[in-house]
Amino acid sequence: ALVGSRVCRVSPSAVVMLRDFLLAAIIPHAIALRPIATRPPPHTRSSHVTASLPPPAALPSLPSLAAASILPTCLGFWKTGYAVSYGYGGAMLAAGALTLRCSVPALAQAHALALVFYGLRLNLFLLYRELALPEEIHQMKKREASFADRLKRAPVILGCSALYYLMAAPLRISAVAPTSGPAAAALVACSFLGFGIAALGDTIKTYVKAKEGKGYLVTSGPFRYLRHPNYTGELFGWTASALLGALVALSQ
């Protein structure tokens, strides 16, 4: 360096000190700015299964399922028999429809369709009987009752609502099944089969009795093998539905 006419000499020790100072100041910052490669976490079986399950918010809420069981059954305040007829079918139809509106696996969709089929078929059948057949056959007789008398039906209506809620409960369990194996698919098929037998029994019995009379003993069709195919098929279908819920719960 030239300062005026004098030459300033820098000692080698000063250069070394300056070098060490600069290295000490720069190297930490260079290390901090350097991107660090990270390995993604390994995929585990539990994380894969959890990702495939529908989130709880995607399923019908418990209050909505309770309302689906209670509101149709409240028709019993109008006519007592409606609590165990239209209320029954309406509760199953509503529970299945609520589940079909959500993003659920194919197994749960088929299970929900079985309930929708049962509820819709039952209510259409009951409506036909009440509108087209004599009162002594459908037995939905209108009885005069005061407001206080109708309120006395509340325990029966609430009890039936609780029963319908529990009957539809396996549907919420099957909605969280990540996969459907052969056993689960077979149980869904058994539900459809049972409900189909019940529908066939109701149809044949209604047709024959309307033709031959109320006291006629029906022995054709499924009545050749089952004394009450409508009730037997219903029992078969609901048993398969309950077993499906148990199978999914035990496989989690």
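Backbone N, Cα and C define each Cβ position, glycine as well.
TrEMBL annotations: computationally assigned, not manually curated.
Positions annotated as transmembrane segment by TrEMBL: 21-37, 57-78, 85-106, 112-133, 154-177, 183-201.
Counting residues 6+ beyond its ends, the transmembrane segment (112-133) has Cβ neighbours under 8 Å at 85-86, 88-97, 99-100, 104, 140, 168, 171, 188, 191-192, 195, 198-199, 202-203, 206, 210, 237, 241 in the same chain. Long-range contacts of the transmembrane segment (154-177) within the same chain: residues 53-54, 59-60, 65-66, 68-70, 73-74, 76-77, 80, 83-84, 87-88, 91-92, 95-96, 99, 102, 104-105, 107-108, 111-112, 115, 184, 238, 241-242, 244-246, 248-249, 251-252, each at least 6 residues beyond the stretch ends and with a Cβ under 8 Å from a Cβ of the stretch.
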